[in-house]
Every structure is written in C-alpha cells, then in structure tokens.
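Peer 1: Among the features that Swiss-Prot reports, signal peptide is placed at 1-22. The annotation topological domain 'Extracellular' is assigned in Swiss-Prot to 23-140, 200-210, 275-290, 353-367. Summarising the annotation, Swiss-Prot assigns disulfide bond to 49-75, 66-106, 89-128 and lists similarity to another entry as the type of evidence. Annotation comment: Swiss-Prot describes 67, 119, 124 as N-linked glycosylation site, evidence class sequence analysis. Annotated transmembrane segment per Swiss-Prot: 141-165, 177-199, 211-239, 254-274, 291-315, 331-352, 368-388, in sequence order, evidence recorded as similarity to another entry. Among the features that Swiss-Prot reports, topological domain 'Cytoplasmic' is placed at 166-176, 240-253, 316-330, 389-462. Marked as site 'Required for ADM interaction' by Swiss-Prot: 203, 374. Swiss-Prot lists 251 with the feature site 'Required for RAMP3 interaction', giving similarity to another entry as the kind of evidence. The site 'Required for ADM2 interaction' annotation in Swiss-Prot covers 287, 296, 355 and is backed by similarity to another entry. The phosphoserine annotation in Swiss-Prot covers 421, 446 and is backed by similarity to another entry.
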C-alpha cells in the first residue's frame, strides 16, 4: 500500500507543481478550464496505467519482449521484440484526432525505440494532428451546412403551418397530423441550432459538464424521437383509414397525441438516467457509447413498423383499384405515396451510420451525405407534405387567381372613377349641366353603384 502511494505521489508531483505555477499567471478563464480538464485526463490515465502495471500478471511467454510502460500520455502493454504496438490517439488536446493512431516500436533487443536526436524512448504521436487543419475546415463546412439546413427547414415549415392554419378548407384529421409533425420538426430544428451554437461549439462548457447542457441534449434527443413517431402516426392513420376502418373518415386523435408527443419521453428518460449513472460527462454529447441505442432502437423500430404499414396499405389499395376502380382509392394512393417516399429518406441515415467507409475522401463524402440527410429533413417534409400537395396547390392557385381578378377589377374601378371625373369637369366647363348627367356614362348607374358592376370573384368558382 505504501509503495502504491509513493509511486502515485512521485508521478503526480510534477503536475501539481505545474498547476501551482500556472495559477500564478493570468490566463483566459476558458483556457484555464480546458487546461485543467486536460491535466485531469492525463493524471487519471497515468494513475490507471500504474495500477494496471502493478496488478497485471508478469509476462509468462518465452522470448524477448519490451516491458509495459507509461510514456507520459498513454499506457503500453508488454510487446514482443521486433514488433510495433498501436492504439488510438488520446483526446487530451483539441488538435488531436482520436480516430488517428499512435505507434510505439519494440526493437529486436527488447528495448523500446529511442529517438536518435534525444536518445530517449519515443512514441510516434505525429499522426494525431497531421490532418487537423483539413478536418477543422471540413468540420466548419459541416457546421454551416447544418445551420443552413435547419434555418431552411424552419422557414419552410413555418410557411407550411401558416398555409394549413390560414386556409380553413384544408382542415381535416390528416392535416392535423401534418401540423403536429411540422411543429415537432420546427422545435427540433430550433433546439438543434441552440445546442450546436451554445453547447457543442463551446469546449469550455462541455468540459465543465453543467446540468443546463445535459437538459439541452435531453430535449434534443426527445424531439428527434418525436419526429419519427409523428411519422409513425401518419402511417398508422392511413393504415387505419384504408385497411382497418374501410375508408371511415373520423378517428380519435388522442392516441396519436400520446404516441407522437408522449412515447418518445420514455426512451429519452431511460437514456438520461443511464447516462447519469454510467457516462455522465461531456454534456452527454459523446457518441462512443452503446447507450445511444436506447434512443435509436425505438426510432428504427418505428421506421420498420411504418414501412410495413405503408406497404400493406399499397397492397390493399392496388387490390381495390383492380376490383372497383374507385376514385377515392386513387386519392388515398397519392397520400400513401408521399408518406412512402419520406419513410426511407428519413430513416436511411440509421442504415448508413454503421457503414462508415475507410479513406479520407470517402469519409468526407460520407459525412456530407449523412449531414444533408439528417439536417434537411424539415425542408423535405414540408416540401412533400405541403408544397407538393395537390390540395394545397389547388387552393393557392385559386386564391391567387381570385386576387388577380380582384386587383384587376379594383384597377378598372379606379380608371372608371378617373374617367367619370374627367367627363364631369368637361361638361361643367362647357354647358353647366348638373352632375346627375354622369349616370349616362355609367350606363344609368351612379358612382355609388359602381361596386355592383364588379364581378364577384367567388362567383367564378360556383
């Protein structure tokens, strides 16, 4: 026990000395926080390494080998002579890429490689930051691409919601589901922008790991679940309408509200409790944990169930069309087609995530594709469910035509008034007749009756 304490004290002493010196200097508070986090990580790794060195059994294999060691940043196991050991770069520093590799060579004599310039044992960390500049540039591009995607999504979704709320003739249960789906995407885009700009992009905040950023991540994951479960509600509604209720019109929407807004709370809460117990760090942002399957699992299940419902709906509708050729079946087929297009598009990123390719260019292309698929979903949903919707297009076209006719009639009415005024002034100057003569120029009607001449726009569509 005394030996362990002495070793720990001996190797931690330089870090405490550095800490005292650093505290005497004036530095940026954020830099001090990041520096403190880096020191804590190194000290923790060092302590765990020496614990491992003392507790692991002695090498029993025959032959020459290099002894286990701590190189200052990473811990290395016993390695056979003439081989190269490799592990991932540490995440101590912002310019280190944990996906890159660190190498350490054990020579033929069973000694760790020494650098010729210093004649000291040396570990090759050069690959950890060799591509940092390019990766930072790519990360910034992806960041701006994400923000643009969510801004466009919010704008298109709000326009769509405005259309649905303004035109009362569009009100029906399916449009109500659309409204909830759109609202969930708006909320998700807003919280994502806040989360990316205020939390994920603030290394000092992530390092301190406050409760506020964990709440932000919790809301973000909850709303992401709401997006997919409202898509499931769309599929269930159509399935009930077409397959179960045989074209019945009314359904109870309470269960849809529970599924769309209530059920995603369950995996979000379970994930929060698990992260609090096992991975309570980095504002719960780190993705190198299997706990994310608590969120992604139900989402994938919802996508699969939705796909099954939609395929079954298509089967039933095709059968009905062959037998009855009902126009109503054609209308349902159009609604199903829109949902059937969206389901694979909204879920394809969960299929692609495990298949990340190898290679710099391939990884960059993959990142851009995943980024677009994930962060432009709101724009895609509003485009397919609203802007490409035949009913919406028809009512917008009809109202636009009414506006043009009304504007044209108002313009003609203004010209009529100007013409009448000119005629009155001419007659007054020439003959001195009363203004009642104006009625002849208005086909026997007075000025106040001219509104009755205007064609009523709504009559055009009776």
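Counting starts with 1 at the first residue shown.
Including glycine, each Cβ sits where the backbone N, Cα and C put it.
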Peer 1: Near residue 203 (site 'Required for ADM interaction'), how many other Cβ atoms are within 10 Å of its Cβ?
Peer 2: 14
Peer 1: Which stretch, 141-165, 177-199, 211-239, tops the Cβ pairs under 8 Å count with the transmembrane segment (291-315)?
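Peer 2: It is 211-239, which has the most Cβ pairs under 8 Å.
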Peer 1: Top stretch among 141-165, 211-239, 254-274, 368-388 for CB pairs under 8 A with the transmembrane segment (177-199)?
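Peer 2: Going through each listed stretch, the top one turns out to be 211-239.
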Peer 1: State the non-local partners of the transmembrane segment (141-165) in its own chain: residues 6+ outside its ends, Cβ under 8 Å from one of its Cβ atoms.
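Peer 2: Result: 171, 175, 178-179, 182-183, 185-186, 189-190, 192-193, 196-197, 201, 367-368, 371-372, 375-379, 381-383, 385-387, 392, 396.
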Peer 1: Cβ-Cβ under 8 Å from residue 128 (disulfide bond), same chain, 6 or more residues apart: which ones?
Peer 2: 89, 90, 95, 96, 97, 100, 102
Peer 1: Kindly state the mean pLDDT of the topological domain 'Extracellular' (200-210) in the predicted structure.
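Peer 2: Here the mean pLDDT over the topological domain 'Extracellular' (200-210) amounts to 79.
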Peer 1: Same chain only, sequence gap of 6 or more: which residues have a CB within under 8 Å of the CB of residue 75 (disulfide bond)?
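Peer 2: Same-chain residues close to residue 75 (disulfide bond) (Cβ under 8 Å, separated by 6 or more) are 45, 48, 49, 52, 53, 68, 69.
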Peer 1: My understanding is the cutoff is Cβ-Cβ under 8 Å with a sequence separation of 6 or more in the same chain; which residues meet that for residue 374 (site 'Required for ADM interaction')?
Peer 2: 349
Peer 1: Say you check the Cα of residue 251 (site 'Required for RAMP3 interaction') against those of the recorded positions 106, 119, 296; which is nearest?
Peer 2: 296
Peer 1: List, by number or range, the same-chain residues at least 6 past the topological domain 'Extracellular' (275-290) whose CB is under 8 A from its CB atoms?
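Peer 2: That would be 199-200, 205-207, 209-210, 213-214, 216-218.
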Peer 1: Determine, using Cα-Cα distances only, which of these recorded positions is closest to residue 355 (site 'Required for ADM2 interaction'): 66, 67, 119, 203.
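Peer 2: Closest by Cα: 203.
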